[in-house]
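The next block holds one structure in the form of structure tokens; read it before the comments.
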Amino acid sequence: MPINSIQERFAKRLNKRRAEHLYRQRPLAFSPQQPQMKINGVECINFCSNDYLGLANHPQIKQRLIDALQNDQLSYGSGAAHLVTGHHLQHHLLEDELADWLGVERVLLFSTGFMANLAVLQTLAQKGDVLLGDKLNHASLVDGALQSDADFKRYPHRDMAALEKRLQQTHAQQKQAIIVTDGVFSMDGDLAPLHHIQQLAKDYNAWTIIDDAHGFGALGTQGRGSLSHFGLSADANTVQIGTLGKAFGCSGAFVAGSNTLIESLIQFARPYIYTTASPQLNAVAVREALKIIKSADNKRQKLQTLIEQFRTGAKQLGLQLWDSPTAIQPILLGDSARALRWSEQLKQQGFWIAAIRPPTVPQGQARLRVTLSAQHSAQQIQNLLNALAVCIESADS
Ligand SMILES: *Cc1c(COP(=O)(O)O)cnc(C)c1O
């Protein structure tokens with residue numbers, strides 16, 4: 001093979017991506033993360049963050065951080081991996097508090113959700129096992145499954161008959177089945193049928209991994225996530241993964257499960273062992289966020305009211321919504337160019353909503369992914385609906 005420059009290798013690929021309307025750009029924020037933002041120098045209302053409860057810029061958490069830097073025995077950075085000197089008292093207390101909150105034996109912190117998913121899948125799934133994943137699982141679950149030594153099979157989105165069929169096959173081969181699913185699907189907003197999945201797991205002695213990145217904080221009693229939303233709780237063969245960068249408004253992730261699971265991750269999970277612990281200060285912020293989340297029924301209630309207002313209004317406009325009860329409310333537009341056009345038109349009217357295109361979503365399912373926050377006002381939702389009406393009426397919509 002000839003040795004080419006990087007330029008030669010990528011120029012064609014980048015041009016192709018542009019031509020397909022799939023080129024991605026990073027909007028530049030000039031303000032704190034909140035509904036009212038300045039992005040690319042323009043004032044707008046942000047309808048695409050995952051800050052569901054408005055904690056990313058919460059005064060109570062900011063004040064706690066200022067106090068912590070002045071008064072607590074801590075630094076900003078953690079300086080090393082958890083197994084070296086990076087595991088600070090603040091991390092330790094946070095793990096205990098998260099475990100208490102969820103009613104699980106133990107919790108382990110990770111620096112990102114992506115790494116937590118890689119760690120859980122690589123460690124839990126071994127050669128001879130079969131991972132059974134929902135077709136629309138998050139990219140990190142797909143990568144984790146592909147990198148593990150287990151077989152990996154996907155089932156159509158939320159299709160429990162298809163899942164059962166694969167469980168039967170795995171059972172007949174006397175292999176360990178591991179069901180892997182998002183709790184709330186990140187690009188669709190719908191929920192995994194966890195009652196059904198839990199029953200199937202029992203029937204076929206399967207283990208269950210639930211990535212509840214968008215459920216924790218936003219759903220369930222005290223924000224305990226999707227299982228709690230359905231009135232379920234985790235058994236010894238269930239692993240839950242949460243992120244701290246969404247409803248928690250901070251950064252990082254956690255895995256919740258049995259003591260044996262957590263000890264195994266500490267011993268064997270490479271994405272845990274060989275990386276720097278998240279900043280000490282982040283653990284302080286998450287502890288404060290957890291306090292707020294536990295008593296944020298009013299915020300969750302308000303969010304629910306806004307979701308209903310948006311859905312009712314969007315349906316009246318004739319927009320194609322998903323069957324989503326959560327703060328993630330996609331509007332299906334089909335082709336990528338159309339999604340970009342709408343996103344651009346909304347921007348001109350002062351609303352920031354990302355066009356989500358393949359490969360993040362399947363071909364022909366480009367969409368606007370509207371996300372709502374308890375920080376939004378009813379008036380802002382109404383203004384967004386009015387702006388969407390303008391998009392519908394415009395000639396090239
Ligand atoms: C965001 C997300 C992740 C990744 O978490 P990060 O902490 O952002 O790396 C994993 N799974 C799902 C379902 C997500 O939405």
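Yeah, the Cβs are placed from backbone N, Cα and C, and that goes for glycine too.
Per TrEMBL, the feature substrate binding site maps to R24, H138, T360. Every protein chain shown contributes to the tally, and the Cβ of T360 (substrate binding site) ends up with 16 other Cβ atoms within 10 Å. DSSP assigns T360 (substrate binding site) to coil in the three-state reduction, placing it in neither a helix nor a strand.
Summarising the annotation, TrEMBL assigns domain 'Aminotransferase class I/classII large' to 43-388.
Per TrEMBL, the feature pyridoxal 5'-phosphate binding site maps to G113, F114, S186, H214, T243. Look at G113 (pyridoxal 5'-phosphate binding site): DSSP puts it in a helix. Long-range Cβ proximity for G113 (pyridoxal 5'-phosphate binding site), meaning a same-chain Cβ under 8 A and a gap of 6 or more residues, is found for S140, D211, A213, I241, G242, T243, G245, G252, A253.
Marked as N6-(pyridoxal phosphate)lysine by TrEMBL: K246. The secondary structure of K246 (N6-(pyridoxal phosphate)lysine), as reduced to three states from DSSP, is coil rather than helix or strand. Within the same chain, residues at least 6 positions away in sequence whose Cβ sits under 8 Å from that of K246 (N6-(pyridoxal phosphate)lysine) are N50, D51, Y52, A213, H214, F216, G217, A218.
Of all the binding-site residues given, namely S186, T243, the one with the smallest number of surrounding CB atoms inside 10 A is S186. By a simple count of nearby Cβ atoms, those within 10 Å, the most crowded of the binding-site residues R24, H138, H214 is H214. Note: the CA-CA distance between T360 (substrate binding site) and S186 (pyridoxal 5'-phosphate binding site) rounds to 10 Å. Taking the mean position of the Cβ atoms of G113, F114, S186, H214, T243 as the pyridoxal 5'-phosphate site, the remaining same-chain residues with a Cβ inside 8 Å of that point are H138, S140, D211, A213, G245, K246, A253. All protein chains included, F114 (pyridoxal 5'-phosphate binding site) registers 19 other Cβ atoms within 10 Å of its own Cβ.
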